[in-house]
Structures are given as structure tokens and as C-alpha cells.
Amino acid sequence: MKLNEIKDNEGATKNRKRLGRGIGSGSGKTAGRGVKGQKARSGVSINGFEGGQMPIYRRLPKRGFNNIFASEFVVVSLGRIQAAVDAKKLDASKTVDAAALKAAGVIRRVKDGVRVLADGELKAKVSLEVAGASKPAIEKIEKAGGSIKLLSAAAE
């Protein structure tokens, strides 16, 4: 066997259908689009159109609203905090707050504060100062010998 003798497996490649290349090709002239009409023109698909059936976006009712005053917290898991401590990006001996998490690259932006969740394990004894935390997260932090200070009651 030589490199110039290597072929694809049978059925691995398929010849593409060349549309609009003369009537002898079998898919010339209208190129499989039928005759005239909206769907024969370029930009064929009509988004959300279901053939005259009432489309789903009109069948389903409107619901809810966007609260412009809603607080948006950045979620951080205990596992991410532990990984940052292990990588020596976070100093566990100092108080860890939103600014420290941002400097360590754990979060990108602070938004309305940081909320800590209990995903992952925490072995380091850390002192956290965050906007909120879940109850299991608080338990895990205290079990590891750390402490947590909540800055706002809204994120609980």
C-alpha cells in the first residue's frame, strides 16, 4: 500500500448536489424550488411560520415581566474557592471578599455581590465576607474551621 493508493471508505464521502447547472443535470432552472412564490425566492425560510397553523409564539400566553430592580449575584462554589487556595491565588489567612475573588480570577465581575454555594469540598480555613450564601455552604465553611460574614440578608 502506498500513500497515493489510500481511498476513503465506501460511502464515507457523498457527491454534493450542484443546483441550477442546466436542465440536463436534473436539478437545473428552478433548482428544486418549484415555481415562483415566496419560497422560490432567495432567503427562503420564514422564521416562526408554521404553514398557516397558529405559530407557537402566538399559541402560548405572555407571562411575567423583567424586574429592572432585581439583584443579580455572582455565584461561586466552595470547590472553586478551594481550587484558588490550592493554586495559591487566594490567601486563606486573609479575609476573602468580592475584590479578592476578582483579583484571584475566580469571578469576572462583582455585579450586586457574591453568593457562595456548597458545590465541592472546602478543606481550607477561610474567612469569607460575601453578600450571601446557602445554608449548606455556611455549614461546610464552619465545619472546615472558617467563618462567614453576610453583607446583605437579601441573598440568603
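If you go along the chain as it appears here, the first residue is 1 and each next one adds 1.
Just so you know, glycine gets a Cβ as well, placed from its N, Cα and C.
Annotation comment: Swiss-Prot describes 1-13 as compositional bias 'Basic and acidic residues'. Among the features that Swiss-Prot reports, region 'Disordered' is placed at 1-41. Marked as compositional bias 'Gly residues' by Swiss-Prot: 21-35.
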**OP:** For the compositional bias 'Basic and acidic residues' (1-13), give the DSSP counts of helix residues, strand residues and coil residues.
**Re:** 3 helix, 0 strand, 10 coil
Original post:
How many helix, strand and coil residues does the compositional bias 'Gly residues' (21-35) contain under DSSP?
Top reply: 3 helix, 0 strand, 12 coil
